Amino acid sequence: MTTLLRLATAGSVDDGKSTLIGRLLYDSKAVMEDQWASVEQTSKDRGHDYTDLALVTDGLRAEREQGITIDVAYRYFATPKRKFIIADTPGHIQYTRNMVTGASTAQLVIVLVDARHGLLEQSRRHAFLASLLGIRHLVLAVNKMDLLGWDQEKFDAIRDEFHAFAARLDVQDVTSIPISALHGDNVVTKSDQTPWYEGPSLLSHLEDVYIAGDRNMVDVRFPVQYVIRPHTLEHQDHRSYAGTVASGVMRSGDEVVVLPIGKTTRITAIDGPNGPVAEAFPPMAVSVRLADDIDISRGDMIARTHNQPRITQEFDATVCWMADNAVLEPGRDYVVKHTTRTVRARIAGLDYRLDVNTLHRDKTATALKLNELGRVSLRTQVPLLLDEYTRNASTGSFILIDPDTNGTVAAGMVLRDVSARTPSPNTVRHRSLVTAQDRPPRGKTVWFTGLSGSGKSSVAMLVERKLLEKGISAYVLDGDNLRHGLNADLGFSMADRAENLRRLSHVATLLADCGHLVLVPAISPLAEHRALARKVHADAGIDFFEVFCDTPLQDCERRDPKGLYAKARAGEITHFTGIDSPYQRPKNPDLRLTPDRSIDEQAQEVIDLLESSS
């Protein structure tokens, strides 16, 4: 079976990108007779004594009138070895955003350089953009070598300069080829003009370049696009989740987790356009059926239980600014489109602007203008499910949309989570002399979430007493109590709350590992906080139960056992959940407690949940 290679051309204006594509299409017999006749006639009308191959792809009237490429032109052609989709991108600096669009799906980029001019700023810019976009294969095509008499020294100088620049980028595969796109030398077949060049022709290289290893087949990521419920007599119980596999391989029977809620289940069936399939991999569009009835909607994601994306509202990214009449400034609000999820976001900060020529980081920059690149920090209103772009381009890329004009203003690539705390490589775990068999059975963690005053601590303490009366070792690990010691250094910003709950989660797993049944009353207002707690327990092999104390805000405020609501309403305290800080209701808690039942009844419901899971 022939494989498909997506490629794009890049480089400065008039370097010959459109001519090169025209040559590839013509020599591979991919130009229709009537189209070729039109190109020949237009060339004659302009007084050329040759056929202008650039006209094959320059389809807009403005392009033909000016002899330049403005929009991105996509063309398809094939050889016996491989199929190709090629994007002809513009070279003018004001159309850099178009180049980003054209190259965003490419697996290989051909960077054309006019041999007479050498490397120009725009050529460097495009090569750098290609590396940012995660493109692993670059071809340096030094064009118009015929105008320099096929000077080997000139070619070697340009090649060495480009390779020195590429060495500073994250690109491993760079191939340099001397060509003449107009005359076809070294484009489809090797040329007699370059006996000193021992490499392949351009087309031969495109046919043979290895791309099978570029796809991420390890990290299962399935963003849900649509929930299928036929509502017919024949399929009245059918529920499946449609989308495109972003990465990894899914098979029927696999254990998976639904994010951001963190529920685990199994795949029972996978359906493709023509019926059931044994497995699904990128870029297949399929629908997935699960063993359990879970509340899943567009924007959620299915992943492996022990291989999950980062769930966060705060992240750093490299962005390319594309707006003509606006600039990117910290504090501005935008819409983020990421996989199948669309959320509001704010630019929390601009770390630096990047000079693509020198790769210098200008930390004094206060804004990004058209075609400029920089590193920014973003905060979204609801969590996103992210991977680092270099690891997974599908879940590591996004666009920014202006909410006023609905126009795309930036393309972004998610960077590594530098805030994530990882142990030093010099820190080694100590193995206990006591084995798991010597200890009491592992305990469990019950995580109580809800607004302040919803009854979390009251129910948890009553459950603790009832369990101790039954001879079961139970302990209430109260988040407020930890703030008097271990977490005394933390405030109530979202970042500090996330760290507070991270520490709380790890302490809970240690207690549960000793055989205690741990009861954790903690507001944990965001879904990402609760998902993090569940993940920490899953990684430690500890059973985790989420209990939602579903007490309405007005009831909590009426109770106000600590007087905090009154202080929040008076403006004496800020970042108070339910007043000036959000609370995201759990979609699928393991247990929902409502105030229409007494505290004693609620405590018994929790105990019943634990006993049913034993």
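Cβ atoms are placed via backbone N, Cα and C, with glycine included.
Positions annotated as region 'Sulfate adenylyltransferase' by Swiss-Prot: 1-441.
Feature annotation from Swiss-Prot assigns domain 'tr-type G' to 2-217. Predicted-model confidence for the domain 'tr-type G' (2-217) is 78, expressed as mean pLDDT.
Swiss-Prot lists 11-18 with the feature region 'G1'.
Using a 10 Å radius centred on the Cβ of Asp14 (GTP binding site) and all shown protein chains, the other Cβ atoms total 19. If you look up Swiss-Prot, you'll see 11-18, 88-92, 143-146 marked as GTP binding site, on the strength of similarity to another entry.
Residues or ranges marked as region 'G2' in Swiss-Prot: 67-71.
For 143-146, the entry in Swiss-Prot reads region 'G4'. Long-range contacts of the region 'G4' (143-146) within its own chain (CB-CB distance under 8 A, at least 6 residues past either end) are made by residues 15-16, 20, 112-116, 154-155, 178-183, 185, 193-194.
Per Swiss-Prot, the feature region 'Adenylyl-sulfate kinase' maps to 442-614.
Under the heading region 'Disordered', Swiss-Prot lists 578-597. With a threshold of 8 Å between CB atoms, the same-chain residues lying at least 6 positions outside the region 'Disordered' (578-597) that come near it are 261, 263, 294-295, 381-382, 449, 451-452, 455, 459, 492, 494, 523, 525-527, 530, 545-553, 555-557, 565, 568-569, 605-606, 609.
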By the DSSP assignment reduced to helix, strand and coil, which category contains Met145 (GTP binding site)?
helix
Secondary structure at Lys17 (GTP binding site) (DSSP, helix/strand/coil)?
helix
Note down the number of other Cβ atoms within 10 Å of the Cβ of Met145 (GTP binding site), including every protein chain shown.
29
Using DSSP, break the region 'Disordered' (578-597) down into helix, strand and coil residues and give each count.
0 helix, 4 strand, 16 coil
